[in-house]
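Visitor: Take a look at this one; I'll ask things after.
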Amino acid sequence: MTKAITVSGLHKSFGRTHALDGLDLDVETGEVHGFLGPNGAGKSTTIRVLLGLLRADSGAAQVLGRDPWADAVDLHRRVAYVPGDVTLWRNLSGGEVIDLYGRLHDGGRAKRVRQGGGGRRAGGLDRERRAKLIERFELDPTKKGRTYSKGNRQKVALVAAFASDVDLLILDEPTSGLDPLMEEVFQTCVEEERDRGRTVLLSSHILSEVEELCDRVSIIRKGRTVESGSLADLRHLTRTSVTAELAGPPNGLSHLPGVHDLDVQGLRVRLQVDTDKLDAVLRSLSESGVRSLTSTPPTLEELFLRHYQDEESASEGAKGAAGAPGAEGAEGAMVR
Amino acid sequence: MSAASATSAYAPRTGGSRQLAGSGTLLRFALRRDRVMLPVWIAVNALMVLSMPNTLKGLYGTAAERADLIRQMETNASLRALIGPVFGDSLGALTAWRAGIYAGALAAVMSLIVVVRHTRDEEESGRQEMVSSGAVGRRAPLTAALLAAAVANGVLALLLVGGLAGQGGAGALALGLGIAGVGMVFATMAAIIAQLTESARLARGLTAAVLGAAFVLRAAGDSAKDDGSSVLTWLSPLGWLENLRAFADERWWVLLLFAAAILLQGAVAYELAGRRDVGMSFLPTRPGPANGRLSTAGALAWRLQRGSVLGWSIGFFLTGVVYGGLTEGAADLVGDNANAREIFERMGGQSGLTNAFLAAMIGMLGLIAALYIVSSVLRLNGEETSGRAEPVLANAVGRLRWAAGHLVVAFGGTALIMLLAGLGFAIGYGKEFGPILGACLVQLPAVWVIGGVAVLLHGLLPRAAVAAWAVAGAVLLIGWIGPALNVPQAVLDVSPFGHLPKLPGGEMEWGPVLLLTAIAAALVAGGLGALRRRDLTT
């Protein structure tokens, strides 16, 4: 399988700030790739480098097999982009902006296509698809830029991106400002894109969205990739919470490798276990006899929180933050 | 506390002082934001007025010269339309005549900018929402904006009264109050218009159009009557200013007109501000087309700038017609005063007086066109820093193509407005079409050099690109005031306009024209080269 995006050792500084500090990213063709990281981690900077808007200080980046800086224009014919904060021209209507982006995409090619017959495609956009998207997103395309709310500005950019005929969609926190219904429409659209064989790079803060949509994710922090792989891979590296009611007193659980936060109250046991050590724990539990058992795989949120916290405050913060499974020693487990 | 806020939530709309809550904080905030802009506006205006007695002393030193001037003004309708009638022969009265309405107009522009900036601009950008969510009354932003304008006009008045006191305390007071009064009339006018439109740009444009109309009314009235008594003059706040007759038996009651207009307009603006929703306006925005026809970055640039090109075109054409029509009369007057003649000849650069006047006026329009080109080129900068350029450039649009769209409008638009100015001059003057058009077009290379500097700044230092305004301002100052102040040639030579052939009347010299064009091209090329290589500012 070819790669849609390959980035290795990317560095970018703004004055004294190191926005990117050796970032790596691999996106396979045809996958939906989640791009996660706290505010200021360098997600938008990476995306701007991938779009040739910023020039990396060092490191290599290829998008669809091309250099994003040198081949920007040709590359952009095959890429659609939705920024996280869409600014529109105050006196242009949403419909005008959608069509403008569509036509700019082709760099005038659409005209030739249209004149050469077909007629279905006009102005660089699939008209049918454009109309359908406007309907699905419940967007009023006649309103002027300055009268749209944030969510509606976002819809303008989303309709333009989804209606264009491209190979790669780069979406930078595209659903900020969308209501839950629209969020669902967005997810359907992304799934459709995947079904059509397109690649999507989705930078997001909404973890349920990422869990729902993404085949693989990359988590970055302070300009560096800290984790990358499929959700299953990532879960494997983390802990599962286990709550069990036993028939007899538990035995030797605390000596098992990979067990954390063990809490035994009579016959009730709660613990966290490194997912790859789960087997031994279950065996030990069943020796005592199991009456009931709940096992919860780690949520992406927990994965995420683990990487959000600074090393020094890791243990402290993890306990406080949304009951994330104890992160003591997490760094050991998480080191790549 | 909670009881109090609960009451205020249900208080009637017109209710009490809570409508003004937070005004003081907002005023301090406004003055802090304008801490550079306002002092510059005030200083330029005050310097222009305060330098006038000295300049006039040089021009009309003797009583005979002044008597001559007054006689001329009585008979010369063109010049009265341009500057207004003279009411006395003291240096103070001449200062009020020569500088008064222009200082008033400058104060008006400053005031309308300040008021729109702190009202409609804030709402349009969405910043107002956050401010209004605090303990801020519905009318507080307007109050703060008007107070900021009042502070600015007040300081200007103080400087003028202090600086001109030597010419006579009463006259200085009248002129200072009159100029500040014009400022506040347009501050309150802008306050009303800012309630009506949703766009700050439109609010500024409309208020400026009212100011233009006030100028035209006064000019028409003054050309009809030599003592400012025409009804047309009385319809214009600028006419009130001249009818105050500072330094010439002041008519203090005219100040009541200012006070009445300010209070009336202020009351209307307050009434409107208290009745409408934040961010909304009384003139609703019309919906646009559901489908767009824009298909290139160039078309987008034209669409974004066409309104401004149209406005400048109309302005330049009308100015050309008016000044062209005044040419013969104005030259007559200047002809009788050796000193004034010398200044015109230095500005215009040759001895035929009509030609010298035409050349000076056309040169002035060229300087003003430099402001157009800077504002137009800096649209690039605005598009980039606002984040609107980013998605455009994420499409199949190269940076050069994107920039070229705006630059064609900027550089081509300059050619268009100078051509229209030339047509206007030729129509107003009624003869010599060819030479006048040529004289207008020959300004272009110098204007383009200023545009080139703006392009270069945008390419190299996008965050400092507004410095292009300073360049245009300096060139304007050199060209406008330089000749009257006997500035050394070395300083005049800094401006590209100093190197243009003196047309009409002078010899056409291709050397400097081609050289300036080449410099402009090099600056643009350098700027575009830098733009291609640098990061997009975000």
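Just so you know, glycine gets a Cβ as well, placed from its N, Cα and C.
Okay, so TrEMBL annotates it like this:
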type	residues	note
TRANSMEM	B:36-53	transmembrane segment
TRANSMEM	B:99-119	transmembrane segment
TRANSMEM	B:140-165	transmembrane segment
TRANSMEM	B:171-194	transmembrane segment
TRANSMEM	B:201-220	transmembrane segment
TRANSMEM	B:252-273	transmembrane segment
TRANSMEM	B:309-326	transmembrane segment
TRANSMEM	B:356-378	transmembrane segment
TRANSMEM	B:407-430	transmembrane segment
TRANSMEM	B:436-457	transmembrane segment
TRANSMEM	B:464-482	transmembrane segment
TRANSMEM	B:510-531	transmembrane segment
Visitor: Do the transmembrane segment (B:436-457) and the transmembrane segment (B:356-378) come close, with at least three CB pairs under 8 A (pairs 6 or more apart in sequence)?
Guide: yes
Visitor: Run the contact check on the transmembrane segment (B:171-194) against the transmembrane segment (B:464-482): 3 or more C-beta pairs under 8 Å, excluding pairs closer than 6 in sequence.
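Guide: Counting Cβ pairs under 8 Å (6 or more apart in sequence), the transmembrane segment (B:171-194) does not reach the transmembrane segment (B:464-482), since there are fewer than 3.
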Visitor: Please determine whether the transmembrane segment (B:309-326) and the transmembrane segment (B:407-430) are in contact (criterion: at least three Cβ-Cβ distances under 8 Å, sequence separation 6 or more).
Guide: yes
Visitor: Mind checking which residues of the chain, 6+ beyond the ends of the transmembrane segment (B:510-531), have their Cβ under 8 Å from one of its Cβ atoms?
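Guide: Beyond its ends, the transmembrane segment (B:510-531) has Cβ neighbours at 399-400, 403, 407, 411, 442, 445-446, 448-449, 451-460, 496, 499-501.
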Visitor: Which bits of the chain, at least 6 residues beyond where the transmembrane segment (B:356-378) starts or stops, bring a Cβ under 8 A of a Cβ in it?
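Guide: Tertiary neighbours of the transmembrane segment (B:356-378) are 305, 308-309, 312, 316, 319-320, 323-324, 327, 330-331, 334, 344-345, 347-350, 406-407, 409-411, 413-414, 417-418, 421-422, 425, 429, 436, 439-440, 443, 446-448, 450-451, 454-455, 458, 465-466, 468-469, 471-472, 475-476, 479-480, 497, 500, 502-506.
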Visitor: Need a quick answer: max count of Cβ pairs under 8 Å to the transmembrane segment (B:252-273), which of B:140-165, B:407-430, B:464-482 is it?
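Guide: It is B:140-165, which has the most Cβ pairs under 8 Å.
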Visitor: Go through the chain and flag residues at least 6 beyond the ends of the transmembrane segment (B:464-482) whose CB is under 8 A from any CB in it; none is fine as an answer.
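Guide: 48, 51, 363-364, 367-368, 370-371, 373-374, 377-378, 381, 450, 453-454, 457-458, 491-492, 494-498.
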